[in-house]
Amino acid sequence: MLFHFETSAYSHYAAAGVVVIVMASASISSILLGRLVLGDSITVNATVGAGLTIAGIAVIFGADLGQGFTPQGAILASIGGCGYGAFSVAMKRMGVCGGLHFTRQLLFFGSLYLLMPAATDGFIMGELSLSAITALLALAALPTILGFFCTTKAIEYLKPSQVQALELTEPLFAALLAFVMLNEVPPDTLYLGAGLILFGLCFSNELIRLGKKEPQASGV
């Protein structure tokens, strides 16, 4: 369902704007819902870390943020992002264990749900070639299956807000892969944005601590 809202936003707003709104709303919603549902404190570290990482994303995509802006696209992207944050909090609250079994169930029922909007829009199949099939398999295995697996496992060990903050490094890995595999030179804004993101992660994960350390809950 969340993937449907996110992909629907791309038809109403430029990709750069959708990425920034989805990531920002996921990070903010995980902090707020973590407080309401899990009782996690909204610390200065978490707030500063989220602000810096979101600023880093905005700097990276800043030149393209104004292209094709529509309120509908922004709303759809916000719904998708808040849904991602809510999912991570709900998973932590219910104590669901991540792993291949959970990832398989998640993708199976998600595929069934996506059949409905796909049937409404109509199935359009392009010409299948070896390169197209290889690209589709890589897309399914790396960002989808491996991405869900790593995210759900990370939620077992970290706060949802920390997981969402760490996922804001996605553009950095994309730029690195583009440089290595496609020989694409990253723009100058990437370096400033990357610095802000990494600096923000230092706050989110309390490598740089502001204020008092949050007390740890004692186990029974």
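Using the three backbone atoms N, Cα and C, a Cβ is placed for every residue, glycine included.
The feature transmembrane segment is assigned by TrEMBL to 12-33 (among others). Same-chain residues lying 6+ beyond the ends of the transmembrane segment (12-33) with a Cβ under 8 Å from its Cβ atoms: 6, 40, 42, 46-47, 50, 53-54, 57-58, 61, 63-70, 72-74, 76-78, 80-82, 84-86, 88-89, 160-161, 163-165, 167-168, 170-171.
The transmembrane segment annotation in TrEMBL covers 42-63 (among others).
Same-chain residues lying 6+ beyond the ends of the transmembrane segment (69-90) with a Cβ under 8 Å from its Cβ atoms: 1-3, 5-6, 8-14, 17-18, 21-30, 33-34, 37-38, 151, 155, 160, 163-164. Summarising the annotation, TrEMBL assigns transmembrane segment to 69-90 (among others).
The domain 'EamA' feature in TrEMBL is assigned to 73-204.
Under 8 Å from some Cβ of the transmembrane segment (102-124) lie the Cβ atoms of residues 1, 3-4, 8, 96, 144-145, 148-149, 152, all in the same chain and six or more residues away from its ends. Summarising the annotation, TrEMBL assigns transmembrane segment to 102-124 (among others).
Within its own chain, the transmembrane segment (130-151) is flanked in space by residues 88, 98-100, 103, 106-107, 163, 167, which lie at least six positions past its ends and keep a Cβ under 8 Å from the stretch. Residues or ranges marked as transmembrane segment by TrEMBL: 130-151 (among others).
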